[in-house]
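See structure below.
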Ligand code: SAH
């Protein structure tokens, strides 16, 4: 049934190839390291993570999973379909002495069939724009969260400004990311993500934008969702 998996093998290979540099804060993963405290703080302010059951979908090398575990989560499960990033994540947790995080190679749709309504919080960050059928990921995340629980998504908007900043700027001018990291056609408008979430049965609570200042080289949460943005949603209790 491998052919039925909702994943693009080229995307997974891309992330596997870079996996050994995942925790190098000066590598291609610098942006993830930089935005991590911002998103972690935002999530934790909406739903305190202490003692919660958490799922991180498309966790990669575990930058967010491990940080959420260190925030005092009861347990964090990170899942991805790229094998090398998962190995890196596992090794890093070991090195950090973080015991409340686990990693698994499994499709989110398969986990949804196995463990429906099991998690207080599901995060799925910077992943939807790499997947053939993102709406299927949204549905699976909804199945996995408990009634009353929270789901968080972040992705890239699709418009001329996002093309200029997220692809031309980040990949070609500033070289923050390797060329080919993102494909414009796969970017997702907030209205599209909102519709998939609504159709899945999630209620949108908050939206935030993420802005990058190339002069100070810093990110900040903002109200400008035109490039990178985050959704906080709840499954009705
Ligand atoms: N969520 C992490 C990593 C983002 S990079 C963070 O924000 O820090 C994107 C990740 O999505 C990569 O680890 C890649 O392997 C993963 N990914 C891409 N397609 C996927 C799929 N179909 N299923 C699960 N993970 C996927």
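Any Cβ shown, glycine's included, is placed from N, Cα and C.
TrEMBL labels come from automatic prediction, so no person has curated them.
Keep in mind the model is a prediction, meaning the values are calculated, not measured.
The feature S-adenosyl-L-methionine binding site is assigned by TrEMBL to 39, 58, 80, 125.
Among the binding-site residues listed (39, 58, 80, 125), 58, 80, 125 have a CB atom closer than 6 Å to some atom of ligand 1, in sequence order.
Across the residues the record lists as binding S-adenosyl-L-methionine (39, 58, 80, 125), the two Cα atoms farthest apart are 19 Å from each other.
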